[in-house]
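According to Swiss-Prot, the protein has these features:
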DISULFID  CYS46-CYS185  disulfide bond
DISULFID  CYS80-CYS125  disulfide bond
DISULFID  CYS113-CYS130  disulfide bond
DISULFID  CYS226-CYS333  disulfide bond
DISULFID  CYS292-CYS314  disulfide bond
BINDING   ARG533, TYR654, ARG706  protein binding site
REPEAT    620-665  repeat 'NHL 3'
DISULFID  CYS634-CYS655  disulfide bond
DISULFID  CYS702-CYS713  disulfide bond
REPEAT    769-812  repeat 'NHL 5'
REGION    931-948  region 'Interaction with RASSF9'
COMPBIAS  955-968  compositional bias 'Acidic residues'
Amino acid sequence: MAGRARSRLLLLLGLLALQSSCLAFRSPLSVFKRFKETTRSFSNECLGTTRPITPIDSSDFTLDIRMPGVTPKESDTYFCMSMRLPVDEEAFVIDFKPRASMDTVHHMLLFGCNMPSSTGSYWFCDEGTCTDKANILYAWARNAPPTRLPKGVGFRVGGETGSKYFVLQVHYGDISAFRDNHKDCSGVSLHLTRVPQPLIAGMYLMMSVNTVIPPGEKVVNSDISCHYKMYPMHVFAYRVHTHHLGKVVSGYRVRNGQWTLIGRQSPQLPQAFYPVEHPVDVAFGDILAARCVFTGEGRTEATHIGGTSSDEMCNLYIMYYMEAKHAVSFMTCTQNVAPDMFRTIPEEANIPIPVKSDMVMIHGHHKETENKEKSALIQQPKQGEEEAFEQGDFYSLLSKLLGEREDVVHVHKYNPTEKTESGSDLVAEIANVVQKKDLGRSDAREGAEHEEGGNAILVRDRIHKFHRLESTLRPAESRALSFQQPGEGPWEPELAGDFHVEEALEWPGVYLLPGQVSGVALDSKNNLVIFHRGDHVWDGNSFDSKFVYQQRGLGPIEEDTILVIDPNKAEILQSSGKNLFYLPHGLSIDTDGNYWVTDVALHQVFKLEPRSKEGPLLVLGRSMQPGSDQNHFCQPTDVAVEPSTGAVFVSDGYCNSRIVQFSPSGKFITQWGEESSGSSPKPGQFSVPHSLALVPHLNQLCVADRENGRIQCFKTDTKEFVREIKHASFGRNVFAISYIPGFLFAVNGKPYFGDQEPVQGFVMNFSSGEIIDVFKPVRKHFDMPHDIVASEDGTVYIGDAHTNTVWKFTLTESRLEVEHRSVKKAGIEVPEIKEAEAVVEPKVKNKPTSSELQKMQEKKKLIKDPGSGVPVVLITTLLVIPVVVLLAIAMFIRWKKSRAFGDHDRKLESSSGRVLGRLRGKGSSGLNLGNFFASRKGYSRKGFDRVSTEGSDQEKDEDDGSESEEEYSAPLPTPAPSS
């Protein structure tokens, strides 16, 4: 009895203990109160996905992130959805399991961030993924198996520094599987733990942005290489990606000339993350290298890096882990810093991996998209240089990197051979790589949802060949293009008459190839002065979230960063600036010949005497200390010095939105400006004030408000806003401006996905703001034109921070004059129009001054004014009446003669039919005056009288009159050499 009681007591105590332990157990669901706010009502067809959180034990749980039952309406649709991390404390993702099939999903990307681009249950990814910094956590495509992280390795989320939200992006390539209109709930399941992981995972992306595959070419190599300049990382998995033409992708670590394989795989196999065969560590000073081998066989035209399956891509994703205290979650490489090194690449990298046909079918790209018109890219990816967008938005671009639209870039398709039409790359336009914005389709995505909301984060998701990552600023707001200049509407370039700028093809300076060209200026002798970055590159690893430079260990640039170039021979006349700068940016020259430069890494402004070796004359700002007070800058961009007063104006900058004025001695005077807000920024608001231009005689300072795509002008004395210049053709960015009396020159940035405006230079009438010319280079192409300077004779120089190139442009013959000569060449004499036309040959020494050019424009305006002179209708009427009278007389004579001498055996016709029948040419159903007059006696087109054919009315004239319809055709231009 006592034993039974004892057993019952033990059982009761056990139950109580179990209950208390259950009460003490803190289920993940118990802290998910906020999660209820965003719980989704899934479609009935998605049953089983309605429980997104499942506890595993006291510290671990799974999180299902799935589409809430969607049905894409068109191929190549990108849908995004977000889910908040259901815990406040730090957690770690230690496993992923894809919940998708290639039958419906082309690829998926999972990002971590703190602010999704939308709060809806799902949205078109054209609106972006995140509005702040985002980290890619996972990528899946082509029925890939789950990615396994090594023990002790996890992606850090939550807490004070980790991401609070997950954003899932799903690319639906072929929608034929949705013909039954079923709902899709594809996604990924995460295994999370609260247990701190000693090793933090990250992703290193290597990608090409400028590969061109000629048609029919058997083997084409695309090489990528970058110096590794971070704490050691340990590679444990990799993934390759190309489209149809890729044969093999190989990745290596190069240390002291020795190549160590990271991974090698056929991109035609399922595109999973494959584990490395042997552990590979990468340390400071190593080089990471990758090669993609393509074939152009079977193609009839060149294939470029792009976002459709008929384009190509060359991507290698390296998954790594680092010690938690040094961890960096994402790094990129889009350059080839050591092209000669690939001469020693292991032979295996050049050998395609055989793939069975059934395996190709398993993972093949969707065929229905192959013949689609190639979408314009972009882009650009910035290649680490300055696109003031969050590094995270860069990942949106990654979405394009994973599939048929996975390019980077850019909106405007990168095509190095487009010399006159495009002038811009992919990423970039991936380039360009970057955030998914409208991919060029117009149906379901157009409208307010796309036009107004779609730009919010996409502004940050361009790669601009990935050098434009230049900063990790907050993304610019959505903005609609406005027109505040008189008479502006949908923009059409007025390439009229007497002002046209073209590249000076004889100038050899385009092949100088210094480092990233950040600034250009002209000294008092009209010598070109270049400010460049040598072997330093501004990329996503350059700054932390507080804009503190992270690569001080590299030391200053060990070569001369300021080059004085002969404007004709492009010879280096003088150089300076060694061991002074880390990341050069703006350059200007005052009336005394002093150089004013900015360094975004140092957060400082320097005044330099060109030939002095005693150091700067003046330094503003604190070295390596970003700030926003009177003594600090935050990545200052440019300087302008007023000639009359010596006042110094500094545009500050990437992380401040202001203009700061100093005295000639460097004393703070005043500042103005604030950060832009909303889609319609107000006067005096800036989003990266990037370039300055003084208009001395009007006491105005004009600012290239880069990310707002406009130019703002202010009074230098009162700081009063004067006006805004903004054109649709600017696109979303205005990078740099330069003023000469009467004219304002500007250069824009690469287009975003879905945008049409190419990257190009502009010439504007300063008084009216109207665009009077646009121009692009012939040799090479603009990728990220970063600065512009013009001389008073109309010579223009543009420096590109991505292609490391400087172009020279000069005034050329006016278009009107060329047409005038063409008319004369055709045998028609036209009186010379001397006052309205200016013929300016590129090599003429005495080029017209800017004041003369301004007069030309005024005269052109008078000539074009429709309100002046005799009305056009009256002139036309006076000209037409004599022609009608002569025609009537001729027809009457013809009719009379045919009655007297016509063939009486033919079938009678009405008089009207007889006349019109005679006036018809071969195969014609209307009046042919050429054949009519050709039948008259004494008329000859070739110097001989035509033999009469009136005796045979039933025979049609075998002469089709083509000779009488000859037009003068100018010979086709010789194709420009590709570079």
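Note: Cβ is positioned from N, Cα and C throughout, glycine not excepted.
Distribution of Swiss-Prot features across the structure.
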residue: CYS125; record: disulfide bond; DSSP class: helix
residue: CYS130; record: disulfide bond; DSSP class: strand
residue: CYS226; record: disulfide bond; DSSP class: strand
residue: CYS292; record: disulfide bond; DSSP class: strand
residue: CYS333; record: disulfide bond; DSSP class: strand
residue: ARG533; record: protein binding site; DSSP class: coil
residue: CYS634; record: disulfide bond; DSSP class: coil
residue: CYS655; record: disulfide bond; DSSP class: coil
residue: CYS702; record: disulfide bond; DSSP class: strand
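DSSP classifies CYS314 (disulfide bond) as coil under the three-state reduction. For the repeat 'NHL 5' (769-812), the model's pLDDT averages out at 93. Between the C-alpha atoms of ARG706 (protein binding site) and CYS130 (disulfide bond), the distance comes to 21 Å. Put simply, of the recorded positions CYS292, ARG533, CYS634, the one whose Cα is nearest the Cα of CYS702 (disulfide bond) is CYS634. For the protein site, whose binding residues are given in the record as ARG533, TYR654, ARG706, the maximum C-alpha distance rounds to 21 Å. Taking the disulfide-bonded residues CYS125, CYS292, CYS713 in turn and counting surrounding C-beta atoms within 10 angstroms, the largest count is reached at CYS125. Looking at CYS130 (disulfide bond) and CYS80 (disulfide bond), their Cα atoms lie 10 Å from each other. Taking CYS80, ARG533, CYS655 as the recorded positions under consideration, the smallest Cα distance to CYS113 (disulfide bond) is found for CYS80. Here the repeat 'NHL 5' (769-812) is broken down by DSSP into helix, strand and coil counts: 0 helix, 23 strand, 21 coil.
In the repeat 'NHL 3' (620-665), helix, strand and coil residues by DSSP number 0 helix, 17 strand, 29 coil. Here the Cα atom of CYS713 (disulfide bond) is found 30 Å from that of ARG533 (protein binding site).
For the recorded site, CYS80 (disulfide bond), the DSSP three-state label reads strand. Taking the Cα of CYS185 (disulfide bond) as the reference point, the closest of the recorded positions CYS80, CYS125, CYS226, CYS292, TYR654 is CYS80.
When the Cα atoms are compared, CYS80 (disulfide bond) and CYS314 (disulfide bond) turn out to be 25 Å apart. Taking TYR654 (protein binding site) as the reference point, the disulfide-bonded residues whose C-alpha atoms are within 10 Å of its C-alpha, out of CYS125, CYS226, CYS634, are CYS634. The highest number of surrounding Cβ atoms within 10 Å, among the disulfide-bonded residues CYS80, CYS130, CYS185, CYS333, CYS702, is found at CYS130. Cα separation, CYS655 (disulfide bond) to ARG533 (protein binding site), rounded: 20 Å.
Counting only same-chain residues at least 6 apart in sequence, those with a Cβ under 8 Å from the Cβ of CYS314 (disulfide bond) are MET207, SER208, THR211, SER222, ILE224, THR242, GLY246, VAL249, ALA290, CYS292, PHE294, ILE305.
Nearest to CYS226 (disulfide bond) in space, judged by Cα atoms and limited to the recorded positions CYS125, ARG533, CYS634, is ARG533.
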